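Swiss-Prot annotations:
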{"type": "ACT_SITE", "residues": "Lys81", "note": "active site, charge relay system"}
{"type": "ACT_SITE", "residues": "Ser161", "note": "active site, charge relay system"}
{"type": "ACT_SITE", "residues": "Ser185", "note": "active site, acyl-ester intermediate"}
Amino acid sequence: MTNATTLTDLTIAEARDAMAKGAFTPLELTNAHLARMEAGRGLNAFITETPDLARMQAERSGERLRAGKAGPMEGIPIGIKDLFCTEGVRTTAGSKILDGFVPPYESTVSANLAKAGAVMLGKTNLDEFAMGSSNKTSASGPVINPWTRTDDDEQLVPGGSSGGSAAAVAGRLAMAATGTDTGGSIRQPAAFCGLVGLKPTYGRCSRWGVVAFASSLDQAGPMTRTVRDAAIMLKAMAGHDPMDGTSAPVEVPNFEAVLSGDIRGLRVGLPRQYRPEGLDPEIAALWDRGAEMLKDAGATLVEVDLPHTKYALATYYIVAPAEASSNLARYDGVRYGLRVPGETLDEMYCKTRAAGFGEEVRRRVLIGTYALSAGYYDAYYLKAQKVRALIAQDFKTAFETVDVLLTPTTPSAAFGLNETIDDPITMYLNDVFTVPTSLAGLPGLSVPVGLSSRGLPLGLQLVGRYFDEETVLNAGLALERASAFTQKPAFLTGALEGQI
């Protein structure tokens, strides 16, 4: 089992068990992925590669394995989304305004993963400041989805904002990667790239050291190729952190240990409002098929109402930009990052922010500033927060009669790199099924279930109660087993090899 291609196809669980038996070393596993990264640079999945650091960490992992002191992710090569501060390794958040910024400290999540033995291959690409659904707003250029349609060779988006993480894992450049999810930024790219993506309950993973977008929504989570791997990685990432005032002081269970796939008696809710007029027939059929899979596995299907769902997108696109406008006020060119000289301090601020922020970030900062302005605060931001509370109450009511919800993850399969680029509203609609879960702070899991008629992966989303990731993951395992999704992107079958 030392063939490089074979090594990069392994799951975290398979690699962990094989290394424990001495089948190969962490360094061999890391070198296989570094070679894959070099071959796959055309995907633009990484902003910064750290091969020397990765090899050093892999060697130390080997020493711990030999000493019988292996961590739960010992020797597993992963990507870290370039929104997580990494001590001594530049962090850009996909923006020009953080040019040259090298953090003097480590984010809690990446530190937890390092303590668990994970090996960092590099920092993955993302939409600028995690604002986007396509990974086209990155100052480092767009990420290419490893998947292609069966009827054309147009390059596709991987989704966003965690598109680099998604492309890296789908393309076997990394075994797993961290993502962040504000309104769907883990789940949507996971669906577009045929991966498992988990947004944990808000407060499950620390936000300390994660560059902020919308502080009441941002949540770190794992992006993997299997549900079991997501469970393993979440255990390593999670935990109360006194450095983060929103980190929940709750016990972190062994998510992998409770995975059985037995969902007999599980009550699965199907929200009526998630089947709007004009829903893509393929998405509707996939949802129906997924529901039948869970029913065949012993679950009971129950229709539920989430009446305020129709207001979720409008609410999100007031709350998130408002928080972003406040968070991004700190980028002024004074203490770190890009600085464009000006004759006055105000001119320096203006020139720096104009040159440093991309179009989408500027758009959201302006929207947020407007929503928070004295004359409009009550009409927009305050009203949005009230509607957000109603959306959360809808979920609470639904969970009185069901254990999990099953919905589509996205309204379509991955779209072309040059599609919808000039239409921000159409782009925002990509989050229509994921945003309500984020507003409520609930855990949401996207699982690949099938392919579209054009050969692209499609995912379904499972939503659970607060801090009940165990039930969500177990239902996800049942769905994963029933769907038996094993297809690989064209990048792995040779169709793109000549382009990379």
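Note that the numbers count up from 1, one per residue, in the order the chain is shown.
Every residue gets a Cβ built from N, Cα and C, even glycine.
On a predicted model such as this, the values are computed, not experimentally measured, just so you know.
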Checklist entry - Taking just the CA atoms, what is the gap between Lys81 (active site, charge relay system) and Ser185 (active site, acyl-ester intermediate) in Å? => result 11
Checklist outcome for this item: Rounding to whole Å, the Cα atoms of Ser185 (active site, acyl-ester intermediate) and Ser161 (active site, charge relay system) are apart by 5
Checklist entry - Within 10 Å of the Cβ of Lys81 (active site, charge relay system), how many other Cβ atoms are there? => result 33
Checklist entry - Other than its own, how many Cβ atoms are within 10 Å of the Cβ belonging to Ser161 (active site, charge relay system)? => result 35
